[in-house]
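According to Swiss-Prot, the features are:
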type	residues	note
TOPO_DOM	1-13	topological domain 'Cytoplasmic'
TRANSMEM	14-34	transmembrane segment
TOPO_DOM	35-239	topological domain 'Lumenal'
CARBOHYD	58	N-linked glycosylation site
TRANSMEM	240-260	transmembrane segment
TOPO_DOM	261-270	topological domain 'Cytoplasmic'
TRANSMEM	271-291	transmembrane segment
TOPO_DOM	292-311	topological domain 'Lumenal'
TRANSMEM	312-332	transmembrane segment
TOPO_DOM	333-344	topological domain 'Cytoplasmic'
TRANSMEM	345-365	transmembrane segment
TOPO_DOM	366-390	topological domain 'Lumenal'
TRANSMEM	391-411	transmembrane segment
TOPO_DOM	412-441	topological domain 'Cytoplasmic'
TRANSMEM	442-462	transmembrane segment
TOPO_DOM	463-482	topological domain 'Lumenal'
TRANSMEM	483-503	transmembrane segment
TOPO_DOM	504-562	topological domain 'Cytoplasmic'
REGION	539-562	region 'Disordered'
COMPBIAS	541-556	compositional bias 'Polar residues'
């Protein structure tokens with residue numbers, strides 16, 4: 001058996017390969033740290049108060065806007081207070097995005113990919129109100145209308161994008177106590193999420209209808225300031241991200257073809273680890289495919305959901321591979337039968353499968369529904385929000401437990417290798433040098449696996465933390481840095497690229513060394529061969545199972561022949 005490239009590659013060539021890959025890894029971090037802006041940006045828009053014509057409340061095509069020709073005339077708070085009915089069912093809160101800068105109108109770019117809106121509400125009660133405690137889980141009914149227009153359209157050329165009447169629940173605290181009224185400031189609430197930022201300008205109209213028979217919105221005093229925070233992906237970050245994908249995609253495809261061709265040249269069926277490597281490469285290729293370019297031409301509101309699905313498939317495959325990778329090197333395979341996922345790893349992988357399916361269902365329940373109703377949010381209902389938060393926390397805890405279990409498996413691998421190294425002194429010097437070098441290389445690869453797993457789990461937990469709503473009340477811009485995101489993404493590609501190279505079958509054929517020839521080889525020749533930088537590690541005679549791809553996995557069944 002010729003073994004793998006990891007076993008047979010010369011020290012000089014291996015050093016060049018590792019150095020090149022490490023330089024590429026540093027380049028990925030620098031690309032995000034020096035050239036890419038923050039992954040996301042946000043703008044805060046204070047709502048303008050307008051009064052609509054009587055009887056047009058149910059006309060969804062009637063839209064009010066605050067800038068441009070034909071804009072509505074703003075209504076002041078004093079005018080509302082002086083009105084006998086407080087302008088009930090006539091007030092519209094208008095938000096026009098993006099805001100102008102330096103007297104110049106700005107527009108959204110398709111490079112910004114998506115748009116999320118969250119709202120902060122402030123309202124007041126008269127001092128004569130019977131309210132004694134801050135409102136908790138106070139139901140607010142909102143009539144929401146989202147519209148858009150593009151460059152070149154007239155100022156009044158707004159087109160309705162979505163309309164819905166939704167319920168939100170507010171938790172508020174007292175922010176100001178005055179002689180005539182008490183002001184309350186409420187937690188931010190999710191308002192809408194657009195999976196595609198295809199148009200240049202967006203307009204949001206909010207109405208808070210009052211209805212006595214159904215007690216709709218009657219528990220509120222009167223609205224004060226409404227602040228909309230619009231969060232978008234930064235276009236500069238998207239360009240760097242797509243550049244990274246565009247460069248990495250052909251390299252991974254090419255190395256997969258090369259790897260699978262070498263496997264099929266062998267006179268045996270592919271081993272389990274070889275199958276897992278090609279599946280992992282396929283999942284990475286699907287993730288690398290720069291489909292985001294299509295969103296620059298076509299409106300694809302499902303792009304966020306598709307990105308989550310691609311990321312989920314890759315996570316599932318990567319977590320599965322690490323368990324199999326560590327398990328195949330446990331060096332305790334006493335049975336000669338070929339390993340299969342079902343026979344050896346179903347207990348370990350069942351938890352991974354259940355977790356990934358649960359996350360997929362959770363994602364479908366929110367982003368799948370948002371394809372038809374961008375105002376829908378699983379965080380809108382108190383019970384659903386608590387369940388979602390519990391689910392996210394459990395996902396983060398499960399990721400940490402998985403990492404600890406993987407560390408335990410790799411520790412067992414190291415311990416088993418250490419136990420079997422006691423047999424090295426009884427071997428011939430050539431055989432001992434071969435295995436010592438192989439063990440050193442394998443330990444380095446396992447340590448690289450631990451680092452990759454640690455950064456992956458950290459990124460996953462940070463992503464789940466960003467999904468939660470607990471940060472909105474402090475800082476809506478909390479996010480991983482661009483350097484971390486591009487670095488981890490590059491690390492996945494470099495790590496899998498290296499595995500496909502190092503675990504590809506080596507086709508070098510070495511002359512058979514008989515026992516008598518090996519035992520009579522002089523010590524001087526052995527030392528001279530080991531010291532040479534160009535020497536290839538020869539595969540010594542063994543009785544290994546032909547289905548194995550690494551001589552290290554059969555180390556425990558080797559018997560010293562000295």
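Just so you know, glycine gets a Cβ as well, placed from its N, Cα and C.
Under DSSP, residues within the topological domain 'Lumenal' (292-311) fall into helix, strand and coil as 14 helix, 0 strand, 6 coil.
Using DSSP to sort the residues of the topological domain 'Cytoplasmic' (261-270) gives these counts of helix, strand and coil: 4 helix, 0 strand, 6 coil. For the transmembrane segment (442-462), same-chain residues at least 6 beyond its ends with a Cβ under 8 Å from one of its own Cβ atoms are 6, 315, 318, 322, 325-326, 329, 395-396, 399-400, 402-403, 406-407, 410, 413-414, 417, 480, 484-485, 487-488, 491-492, 495, 498, 502, 552. By the Cβ criterion (distance under 8 Å, sequence gap of 6 or more), the transmembrane segment (271-291) is not counted as touching the transmembrane segment (391-411), fewer than 3 such pairs being found. Here the transmembrane segment (391-411) touches the transmembrane segment (312-332). Their Cβ atoms form 3 or more pairs under 8 Å, with each pair 6 or more residues apart. The Cβ neighbour count for residue 58 (N-linked glycosylation site), using a 10 Å radius over every protein chain in view, is 7. Through the fold, the topological domain 'Lumenal' (292-311) approaches residues 110-111, 113-114, 193-196, 198, 238, 241-242, 245, 286, 360, 363-364, 367-368, 371, 374 of its own chain, all at least 6 residues removed from its boundaries and within a Cβ separation under 8 Å. Residues 28, 31-32, 35-36, 277-278, 281-282, 284-285, 288-290, 292-293, 482, 485-486, 489-490, 493, 496-497, 500-501, 504 of the same chain lie 6 or more positions beyond the ends of the transmembrane segment (240-260) yet place their CB under 8 Å from a CB of it. The topological domain 'Cytoplasmic' (1-13) scores a mean pLDDT of 76 in the predicted structure.
Just going by CB pairs under 8 A, the stretch in 14-34, 312-332, 483-503 that sits most against the transmembrane segment (345-365) is 312-332.
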